[in-house]
Structures are given as C-alpha cells and as structure tokens.
Amino acid sequence: MSGIKKVVLAYSGGLDTSVILKWLAVTYNCEVVTLTADLGQEEDLDGVDDKAMRTGASRAYVEDLQEEFARDFIFPMMRAGAVYEGRYLLGTSIARPLIAKRLVEIARAEGAQAVAHGATGKGNDQVRFELAVNALAPDLRVIAPWREWDLRSRTQLNAFAEEHGIPISNSAKQYSMDRNMLHCSFEGGELEDPWNEPGPNSYVMAVPMEQAPDEAEYISIDFEHGNPVAVNGERLSPAALVKKLNSIGGRHGIGRLDMVENRFVGIKSRGVYETPGGTLIHIAHRDLEGICIDRETMHLRDAMLPRYAAAIYNGFWFAPEREAMQAMIDVSQQRVTGTVRLKLYKGNAWPVGRQSPNTLYCHDLATFEDCATYDHKDAAGFIKLQGLRIRGYKKG
C-alpha cells in the first residue's frame, strides 16, 4: 500500500499482534506505533511496551482507559438497557469503539497514514474497528493483515515468529478469550460444537453455580439519571463500581451466558459470556425504570432497543442513528434516580425492593383495599371505547 510511512496498531502483546507488528514493518517498510488499551481486563501489562519495542515498534503507548470506558461507553449502553438478540449484554462489542477512537487520536498525534488491527476476516471485530475509523477519520487507511497475508494457521504464525525472533508462549490456549472490565468471552475449541458443555476453564469472572454460597446475599444499587453511582451506599467511580459488582455477582455465579448468536457477517457463532456486574446493573436499572418512567415513554424506548443493540453489535456506535437513539434514551433517563435492592442466590438476582424520589407509583391507585381515588365504574366506558375497533373489525 503506497504512501504509508507510519501505522498505529492495536496491540495486545500476544502472538497474533506481535506477528502483525513485525509483518507490517516488513511488508510496508513503515514505522509502527502500538496502542495497548487497559480496559480492566485484569492482565499484567508490565513489559508489554518493552516487548513491542523489541519486536520493532518505534513507540509503544500503554494507556489506562478504564474510567472512560465505563463512563462514556458502558454506562450509556446500560442506560439504554441494550441486549442483543434478547440475551447478550454486548461486552466485547462496546469495547471496540473506544479502542478505535484512541487509535485515531494517536494516529493524528503521530502523523500516521493508517491504523491496523488483528481481527480476523470471519468475525465482527473487523467491522466494528473499521466502521469506527470510517466515522472518525475517513482519510485514514485501515490495514487488516488477516485479510491480506498468507499466514493461515497457528503453525505458520509460530514459524514467522521464530524467524523474526518474536518470543512465543508455549502454553496452549483452550479457548479464544476476550476480556475487559464488563465481561469475559470464550469461543473456539470444544465450544465450536454447540452440544458440548463448556469446560471448567471457561469460568473466570463467575464461579460455577454449584460453588456459589448456600445463603442469599442482599445488596443495593443507587442510580442517578440512569447511571449507577453507589453499591450498598458506597459511592464509587464508574470503573470501581463495575469492578465491585463483578466481585459480588461473580461469587454468586451470576451473569453466565451460553448462546449461539448471529454475527453481522452472516455466520452463526457460539459464545460463552460472563458479565456478573453488568447483569446486576441491567436487572436493577430495568426494575427502577418501572417506577420512574411512564408507560408510553418506556414502550417507545423498548421498541427501539433491538435496533439500538444491533447498532452496537454491528459496529455503528459512532453512526447518526445510534446517537439519535441515545439522545431520546437519555431524555427518558432524567427521572431514573433511586435505589434498588437485589437478592442474590446461586446464579440468580431478583429485585426485592425499589424506591425513588421520582416515583410514579401511587399506592392509593394500586391498592386492593377500598379506595376513594379510583372509581371502578369508570373502567366500563374505557373498555367500551377500546373495543370499538375490534368489534367493527370482526363484524366486517
């Protein structure tokens, strides 16, 4: 690709991106700058910059993006209550726009002509990275080595690494794993047969249900304008709050999901996901909305949710339709302030109490006891008017 003198690479320090780093430098005869993003994946990133430099990078950025990730990406998605195909809380999908954003910002600062990623040609991540770059910097070129090179197997990657002096880990991985503070995902290996039960190595953030405590635990989550702000009365930063709930939910085996989903590229794929803290936030937030948002606003928002979730899953975080939906959602969240009490037990979380200064719940209207506020006779006219359309349709 002519005209490329400098590339910024999303770099994890693993075999794939280390090979990509050297391959870019050799193939394009260009300078390579790396970005390693700390999104709370609980990996030891000490030395990853040194490894990048030894492998041929001219500069290596290692950045702590945890608070930005929680505040500007996880929380807006949680305010929407986004769930893909009714089950998936989008833990991998929501991380890609932030990484792409930083790639673009570093490319601008470094005067780079291109960015590069290590996503394969079969998955969703290639789409997510590249659509984000298209939105933020359409003039930048995007290099996707897995779509260009002739390295097609782990054996070939290892051979390339040995040829160029790249250190290789001898530990074989059972699964392809992706982790950040919101979730951990597992794919490949035995999971490629959808009949196989996930093995014990697929438990990282949450314990197996059989190992969860035999006694229930009660917790409270406070929200302000749709954002979680405190756990058990303790105010925490966005990232610290997610991590706190990961610890609580994980020890009760909460947030495990095993599903076959529809990738944007048209392939069905089986994934096992752990999202303990995100699951608790999602359940509590949805419950609090029940007393804070009026019916029509809630139903309008709910009608958009499949489209909103698909926008994130498919890589359209920076697209105008996602931003427009977010604006409507955030208006709906202005009243969502209050506290939800959850009961946690062996993989389950139930809301058992909720309160809000903005509650729309009226005890006098809801009670089964005698009530002067509501005249039961008024329902007859309401039902008659609602039935006009149906009676006319059936008669015709």
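Cβ atoms are placed via backbone N, Cα and C, with glycine included.
According to Swiss-Prot, the residue from Ala37, Ala80, Ala82, Ala95 that belongs to the ATP site alongside Ala10, Tyr11, Ser12, Gly13, Gly14, Leu15, Asp16, Thr17, Ser18, Gly118 is Ala37. Site annotation (Swiss-Prot, ligand L-citrulline) includes Tyr88, Ser93, Asn124, Arg128, Ser185, Glu261, Tyr273; from Ser176, Ser247, the additional listed residue is Ser176. Within 10 Å of the C-beta of Gly14 (ATP binding site) we count 15 further C-beta atoms, all protein chains included. Comparing the binding-site residues Ser12, Ser18, Thr120, Asn124 by how many other C-beta atoms lie within 10 angstroms of each C-beta, the top residue is Ser18. Within 8 A of the CB centroid of the L-aspartate site residues Thr120, Asn124, Asp125, the other residues of that chain are Ala119, Lys122, Gly123, Gln126, Val127, Arg128, Val265. In sequence order, Ser93 are the binding-site residues from Ala10, Gly14, Ser18, Ser93, Ser185 with a C-alpha within 10 Å of the C-alpha of Asp125 (L-aspartate binding site).
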